[in-house]
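Structure first, commentary second.
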Amino acid sequence: EKGVGEYRVNGDAVPYKAYEDALGAIGVLIKARNFLVFQGDVESIARKTPKQFVELFENISASAELKEEYEAALKGKEEAESATIFAYNKQKGYKSERKSLKEQKEEADRFLALLEKKASLKTEYFLWQLFHIHTDVTEREKAAEELKAELREIEQRDSDKKDALANAKKKSSEARRSTAKLEKKRVKLAAEVDGLEQPTIKSAQEIKSLTKKLHTDENALAKIHQEEESHGESLSKLEVEIEEYRQTETQLQEEYEEEKQRGAGELPTLTEEQEAEYERVREAAAVAGAKPRQELATMNRKLSSARASAGSLANELKEVQGRKEEAEGSLRELTERQKTLAESLDKTKTDLKTADTELRQIQKEAREAELKTRDIDTEIEKINTTLRQARDDRKKGKDEERLLQAVASLKRHFQGVQGRLVDLCRPTQKRFNLAVTVAAGKDMEAIVVDTKQTAKECITYLREQRVGTATFLPLDSLQTPNPASTERMRAIAEQDGRYRLASDVIACDDAFKRAVLYAVGNTVVCDDLDSARELCFPRRQRGDRGEEARIKAVTLGGAVISKAGTMTGGVTRDDARSANITRWDERELERLRERKEKLEADREELGRGTGGGRGRGDRGFDRVEELRSNVGNMRNREKYTKSDLDYTKSKIKEQSSLVTSTTKQIKKLERQLVAAEQSVEDTSARVEEAIEKVKEVEEEHYGPFREKTGLRDFRAYDEAVGKAREEFLKKRRKIREHLVKLASKRDYEIGRDFKVPIAKAEKRLENRKMKLEEAKKTEEELLEQVAEAKAKLADAEASLKQAAEDEKEHDEAARLAQIAFSEAQAEHLRVSKAINTEESALERLRGKLHETLQKARVEEVELPMAGESETAEEGTSQKDDEAEESSEEQEGFSQPLSQQSGLTTHFSQKDDARVVKDRKDANKVDFTNLRPELKSRSSDRAEKKIRQDFEDQISKLAADVEAMSPNMKASEAFDNINERLKESIADFDQAKANARKATAAY
């Protein structure tokens, strides 16, 4: 009723297992289904896979009953094989690990060998430096002492030569005064001589002049007597010459008459009186005919002008008519062109307006997008510049990167590590960046830790990891300035706005304030170097060496005035990089990067919104270019069409005006041509009348003379005789003019009187002789006075010469004394310079020695000492000295030793504690193991080469060491892996035996 079935065998209820066993006993296998063939069994068997067929056969054959035993044997076999494979792989892994550890062990051995070689090389390098520096210091000190002894001797000689120079100058001055007194006397006498010389010269010149005039008067008197004697002869010559010229005139008249007869030929000849009358008639006819001839010339000119005017008017009329026809043809062509251009212009304006509207709209959108893109690009470029500068400032070397990683690792391993001081503080204002960086110096890169124990653990960790070196500032043991001194310095700074304490311009947590005070101390930040000098040196300038002079000042520009009084200027690349904003403001850089990403996203979105901006292949850009090109073409077309239309209109107007004006001009020219032709006819008639009038006037004068002489053709007579008559008249005029001159001269000679000139000349000659005698007498008196004055002058000059010689001797003595004193001073200066040079060299060498020793301590270079006990004592001494130097630096808040500006004063003093200590340290170094060739003195070039070789070898070894990352525990691990490998071999043999047994059982 409830749907529950049961199994029965022989009427007894049995469980399913017993029922299945009973059926199996008679060969009916339920699982194999070998006693019935159900519907679909054939198809089901046909679809079975090979594995399913095997299972079916096993069930039918009853071998399936052995499955559990078979699977157990198979599992045991597989597990044995897996164990064997595992043991083999384990053995193989140990072998591989042993090989790797063997390589690491060999690398560690090589690393240790390189370290040992590097240490040995650095030891030799520092020994070489210290040997030569110490030797140079010893030699320089000895040379300086010798020069100082020589300087004392030279100073004694200088004093003696200075006294000799003063004595020589005194004698020279006395001789100079005596010479000056004699020179005044000589000048006075010379002035007297000069005063007498002038009258003497004047008297001599007067005598010379009188003598010359006397000779002139004598010559003039002799000439007058000579003229008197030759007066009669001159008159005779004049009379003869006058007669000769009169005969020449008569002969010229005869020659003219003969020439006139030959020239006239058949024409009647005129006598001299008739020729004179002919001249008068011709002149009268010319005068009477002048007006009619003038009128005739005027008429001829008018006639020529009228004819030229008529010809010009005819040519002009023809030309104007041609222009009118040409203008009418051009007017027709221009009218048709105007119509065509007007239609084209209207169409171009319509198209241009449409294209221009579309272009302006697109350009407006593009311009707005371009402005936004440009603003974004400008801002991105500024951000990129800032980030690029920040990246440049943040570029670090490999060692610094490793140090930064080491700082991060230290923070993870040691809770007391706070970080670098530069990361824990920052200036309150950007303008204090450089000043704070310079004031703190290398302490700004130091790592701040909570305790000294943490610092030691960190140093141990850095040494084990071979990361490098670092400076640690344990907050529990840092020595900071006395609060009272800090408050005193703050009070001084608050009195003047140009000063402020460096610790007051640095912002940091109170927990790190102690580290900041240790780094900058009581350093004062000043606006400029002048204010820093006023703060540091006011009392020193008055000779006071009070506490005011012990102030360390730093300017905003990076200049430093140390407590020792030294001044350091300029900024190194590291300082400039350290003072950069990126050193402190990482958050600002992060904000700039986010802003840049947002701007780039906005620019990309803006580019997509405007169709890609200005891309060449963009269709929007192509459309803009197409519209711009079309608008440009249409505007050019409009411009040229409009210009052409305006030109056409102006040409039409011009041609119309030309047609109108030529029409009027033609009518006017026709009227003028008619009037000009009429004027030519009238003027020709008046010319004929004028010619007749001239003939009538001339005939009135020539007619009576023609009747009287019978000469009809006056023109022919003038042509035949006129030239000969002109020559005759010209020659006769010259002869008559000369006769007039000769007659005048003859009349002058006849009336001439010689007695009065002779008397005047004789009287003048006598006066000249009397004046000459007086001048000679005066000259003799003056010469006597001059001779006396010159004698006195000669005596004065002799005395002056002697005095000048004495003065010269004294001057020479003074000069020699001056030369000797100058030579002594030069020698003194030379030795002083040599001493200064030696002391400067000593100062540099002492500083170099100190720096080399300090560098050897910092780099932990093991220097051989003179004996083991001395070495132990040296080690203790070095530790004590280092502690003492550290204490001095903390108390004085000086800069690190690499900055030598604050230590220069100490090195210039031989007895300074630091110099003495360095000398003792150098004396304790054992140089016996230094190679002989390195001990020998070398040139600068050879020394540079040796130094470069050392540095190259050390750098190469350091690079090799840096390139290696050895496992220093590889040797121990190699021994362990060998033991494990032996165990794995035994395990592998046991696994193989078990596998063989499992296989046999299977």
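Cβ coordinates are placed from backbone N, Cα and C, and glycine is handled just like the others.
Caution: TrEMBL annotation is automatic and unverified by curators.
Per TrEMBL, the feature compositional bias 'Basic and acidic residues' maps to 155-164 (among others). Counting residues 6+ beyond its ends, the compositional bias 'Basic and acidic residues' (155-164) has Cβ neighbours under 8 Å at 817, 820-821, 824-825, 828 in the same chain.
Positions annotated as region 'Disordered' by TrEMBL: 155-181 (among others).
Residues annotated as compositional bias 'Basic and acidic residues' in TrEMBL: 171-181 (among others). Sorting the compositional bias 'Basic and acidic residues' (171-181) by DSSP state (H, G, I as helix; E, B as strand; all else coil) yields 11 helix, 0 strand, 0 coil.
Distant neighbours of the coiled coil (235-262): 269, 721, 724-725, 728, 731-732, 735-736, 738-739, 742-743, 745-746, 749-750; these residues of the same chain sit at least 6 beyond its ends, with a Cβ under 8 Å from one of its Cβ atoms. What TrEMBL records for 235-262 (among others) is coiled coil.
Summarising the annotation, TrEMBL assigns coiled coil to 310-400 (among others).
Residues or ranges marked as domain 'SMC hinge' by TrEMBL: 415-536.
Here TrEMBL flags 582-609 (among others) as coiled coil.
When averaged over the coiled coil (652-700), pLDDT in the model lands at 81. Per TrEMBL, the feature coiled coil maps to 652-700 (among others).
Per TrEMBL, coiled coil is recorded for 758-855 (among others).
The feature region 'Disordered' is assigned by TrEMBL to 856-946 (among others).
Under the heading compositional bias 'Acidic residues', TrEMBL lists 881-891.
If you look up TrEMBL, you'll see 892-907 marked as compositional bias 'Polar residues'.
Summarising the annotation, TrEMBL assigns compositional bias 'Basic and acidic residues' to 908-924 (among others).
Residues or ranges marked as compositional bias 'Basic and acidic residues' by TrEMBL: 932-946 (among others). Each residue of the compositional bias 'Basic and acidic residues' (932-946) gets a DSSP state, and the totals for helix, strand and coil are 11 helix, 0 strand, 4 coil.
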Distal contacts, the compositional bias 'Basic and acidic residues' (932-946) - CB-CB under 8 A, six or more residues away: 124, 127-128, 131-132
I'd like the per-state residue tally for the domain 'SMC hinge' (415-536) from DSSP, helix first, then strand, then coil. 69 helix, 22 strand, 31 coil
